[in-house]
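Notes for the one structure printed next.
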Amino acid sequence: MAELIQKKLQGEVEKYQQLQKDLSKSMSGRQKLEAQLTENNIVKEELALLDGSNVVFKLLGPVLVKQELGEARATVGKRLDYITAEIKRYESQLRDLERQSEQQRETLAQLQQEFQRAQAAKAGASGKA
């Protein structure tokens, strides 16, 4: 009985460890998006300071290409919208993973108690024999 519970406990621990890896990966992805959001907000602020007489370039591969100011502002705005939506998606994913992780912790605690009871019962049975 104790061996069966131990195997089940080991499987649940592996699930928990995978959830923790996924959680860490999602947090890392969200942090990268936050950095991109900050960077793009700075670009948006800089573009707001320009007027029609200024020349704007964008980097395409190794080449700088002239770009209309309005087009540059629109591109940055769309990028900000996309990044914001991705951050919301990551936050939702993080909430789900945290909820699953908490449930997994509870499952592990229950299995650990079962295992300890089984070990105690086994020790009691072998002590009587």
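The backbone N, Cα and C atoms fix where each Cβ goes, and this holds for glycine too.
These numbers come from a predicted model, not from an experiment.
Annotated SUMO1 cross-link per Swiss-Prot: K66, in sequence order, evidence recorded as similarity to another entry. According to Swiss-Prot, the SUMO2 cross-link annotation covers K66, on the basis of similarity to another entry. Residues or ranges marked as N-acetylalanine by Swiss-Prot: A2. The N6-acetyllysine annotation in Swiss-Prot covers K21, K66, and the record cites similarity to another entry as its basis.
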Remark   = Long-range Cβ list for A2 (N-acetylalanine), cut-off under 8 Å, min separation 6+ in sequence, same chain only, gives F115, A118, Q119, K122
Message = If I take the alpha carbons of K21 (N6-acetyllysine) and K66 (SUMO1 cross-link), what is the distance between them in whole Å?
response = 43
Key: Where K21 (N6-acetyllysine) sits in the secondary structure, as DSSP reduces it to three classes   = helix
Request  = Determine, from DSSP, whether K66 (SUMO1 cross-link) sits in helix, strand or coil.
outcome  = strand
Message = For K21, K66, listed as recorded positions, tell me which one has the smallest number of other Cβ atoms within 10 Å.
response = K66
